[in-house]
Amino acid sequence: MTDDNKGTKFDPKEGCSQWCILEAECSDNSLDGDLEKLFEEGTDTEISDLIDDEDIIQGNSRELLCQQESEESEQQIQLLKRKYLSSQEVLQLSPRLQSITISPQHKSKRRLFERDSGLELSFNEAEDLTQQTLEVQEVSATGSVPAEQGVKGLGIVKDLLKCSNVKAMLLAKFKEAFGVGYMDLTRQYKSSKTCCRDWVVTLYAVQDELIESSKQLLLQHCAYIWLQHMSPMCLYLLCFNVGKSRETVSRLLMNILQVAEVQMLAEPPKLRSMLSALFWYKGSMNPNVYAHGEYPEWILTQTMINHQTAQATQFDLSTMIQFAYDNEYLQEDEIAYHYAKLADTDANARAFLQHNSQARFVKECAIMVRHYKRGEMKEMSISTWVHRKLLVVEGDGHWSDIVKFIRYQDINFIRFLDIFKSFLHNKPKKNCILIHGPPDTGKSMFTMSLIKVLKGKVLSFANCRSNFWLQPLADTKLALIDDVTFVCWDYIDQYLRNGLDGNVVCLDLKHRAPCQIKFPPLLLTSNIDVMKEDKYRYLHSRIQSFAFPNKFPFDNNNMPQFRLTDQSWKSFFERLWHQLDLSDQEEEGDDGQSQRTFQCTAREPNGHL
């Protein structure tokens with residue numbers, strides 16, 4: 001019995017359905033008894049064309065292969081998506097579930113919890129769906145978004161490093177973006193450790209979000225901020241509250257803007273350039289420029305009308321002389337340096353810096369100040385001189401340190417005080433004191449401390465070859481020659497007897513005619529006791545001698561046991577003021593009230609002091 005439904009069902013593809021696979025049917029009739037009949041019938045058969053010997057047509061087998069490969073590729077892509085991408089439901093789960101992973105997954109930013117339903121959510125539903133669709137498409141096309149952002153900055157740095165000259169490339173980008181050269185706005189600092197309050201910084205390829213955040217983060221550091229972003233360059237003018245070096249500024253901006261040092265140029269601005277000041281001033285009016293704080297003084301000076309008027313003021317030499325006189329600047333280098341420092345606040349100092357004859361003005365100013373000081377000194381008595389010099393000494397000391405040291409050297413203090421009184425008043429043949437003794441007894445320390453507090457002058461016999469080595473005697477109330485040797489004693493014995501007598505002598509001065517003066521009180525220190533030298537017997541009556549036989553004592557910390565300081569001498573003079581016959585300053589007009597100093601410039605009645 002046969003079954004018509006028997007056979008193997010096969011779903012052939014298109015192009016392969018010209019034949020079918022058939023299975024032989026089973027029959028109960030056995031052929032064992034019909035073998036003779038089979039042989040008798042011969043080779044003839046009722047089935048014809050059982051085997052097709054014709055050429056086979058190719059059909060659509062190639063298209064089938066392409067479809068199979070496409071399906072296999074889609075399956076592999078789906079497996080990769082399941083591995084590296086998460087569905088929207090997974091993105092909304094708690095962060096704790098994500099931490100339970102075998103390998104790290106790079107996901108886009110997600111919410112911590114499910115969004116609550118509400119009216120606002122329904123309004124934004126269409127926008128959210130559109131945004132989700134765009135996010136999925138972007139992720140599927142480019143891979144992981146955070147990974148791309150992470151390598152963006154590194155790619156920029158690599159591009160810069162590929163340049164043979166990074167600075168030249170940044171300068172070209174800057175000029176292309178802002179239309180002006182970076183070096184036209186700045187002055188160059190060779191050292192990165194030099195400090196300045198104002199800095200011009202330009203950066204390449206900074207993210208917009210970080211630029212916006214820097215506007216708030218820099219407020220605590222800067223008094224004035226000027227910011228303009230012209231992609232890909234960003235320009236800052238930062239006026240810090242305190243001076244900073246290039247290294248400090250670079251580290252600050254690298255932390256705030258997340259940039260590398262190769263993306264940055266930092267130099268101080270040109271403070272005296274009109275074009276540079278106008279660039280910052282007019283740029284602050286641009287709506288695309290962020291400016292916060294008051295304009296720096298150097299911008300106002302060159303842009304505002306009132307500052308321009310002040311800048312046009314002619315230089316007044318008398319104002320400069322008055323400044324040097326009031327501050328007791330007698331040397332040319334001191335006058336030039338300290339007056340130039342006033343250029344930020346003083347119009348006359350600013351005019352001085354803009355003048356082409358600064359060296360001549362400084363020289364003339366120093367000459368005039370010395371003339372005024374010399375005239376003032378000659379008018380003063382020794383009491384007024386000592387009083388003026390002690391007023392500038394600050395701090396407390398004790399007069400006993402001076403007295404103890406004198407007694408330590410086995411000197412009668414009453415005798416010393418009497419001779420010192422005559423010495424200060426410059427009495428004839430009493431105006432020279434010699435302190436002699438072996439080395440390390442404190443001779444130079446004692447005399448130098450006195451010269452320092454009374455602003456005396458020191459003469460060096462090494463300059464005796466010059467005709468002008470005694471010239472400082474004309475500009476002081478007290479002088480010192482330290483470490484007098486036999487050669488110096490010979491010179492004193494031959495040429496300075498009249499001066500030690502207290503008589504008027506002719507003193508040769510450099511670049512001036514010789515002048516008539518009396519020697520001021522003169523201190524001498526020596527290892528030679530001139531009183532025991534018979535060949536200098538003519539000096540015995542002109543010199544008052546004290547011996548320092550004992551070595552100066554020091555404590556265990558190598559500190560002097562006797563403090564011969566300015567404060568000690570101030571206390572000494574104040575304590576023994578009347579014993580030294582120094583006049584009362586109230587009688588000379590100094591009653592403790594502030595007095596008008598010497599005026600060498602024409603001041604306005606209501607002008608500044």
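Using the three backbone atoms N, Cα and C, a Cβ is placed for every residue, glycine included.
The feature ATP binding site is assigned by Swiss-Prot to GLY437, PRO438, PRO439, ASP440, THR441, GLY442, LYS443, SER444. Residues or ranges marked as SUMO cross-link in Swiss-Prot: LYS518. Per Swiss-Prot, domain 'SF3 helicase' is recorded for 411-561, and the stated evidence type is sequence analysis. What Swiss-Prot records for SER87, SER94 is phosphoserine. Annotation source Swiss-Prot lists region 'DNA-binding region' at 149-312. As annotated by Swiss-Prot, region 'Disordered' applies to 584-609. According to Swiss-Prot, the motif 'Nuclear export signal' annotation covers 93-102.
Compute the center of the Cβ atoms of GLY437, PRO438, PRO439, ASP440, THR441, GLY442, LYS443, SER444, which mark the site for ATP; besides them, the chain residues with Cβ within 8 Å of that center are ASN527, PHE548, LYS551, PHE552. In this view, the densest Cβ surroundings among the recorded positions LYS443, LYS518 belong to LYS443, judged by other Cβ atoms lying within 10 Å. Around SER444 (ATP binding site), the same-chain residues six or more apart in sequence whose CB sits under 8 Å from its CB are ASP482, ASP483, THR525, listed in sequence order. Residue pair GLY437 (ATP binding site) / the residue listed as 'SUMO cross-link' shows a Cα separation of 29 Å. Mean pLDDT for the domain 'SF3 helicase' (411-561) in the predicted structure: 93.
Its Cβ placed at the centre, GLY442 (ATP binding site) has 21 other Cβ atoms within 10 Å. Sequence-distant contacts (6 or more apart, same chain, Cβ under 8 Å) of THR441 (ATP binding site) comprise GLN409, PHE548, PRO549, ASN550, LYS551, PHE552.
Most Cβ neighbours within 10 Å, among the binding-site residues GLY437, ASP440: GLY437 holds that distinction in the structure as shown.
Neighbour counts of Cβ atoms within 10 Å were taken for the binding-site residues PRO438, PRO439; the minimum is at PRO439.
According to DSSP, PRO438 (ATP binding site) sits in a coil region rather than a helix or strand. Measuring Cα to Cα from LYS518 (SUMO cross-link), none of the binding-site residues PRO438, PRO439, ASP440, GLY442, LYS443 fall within 10 Å.
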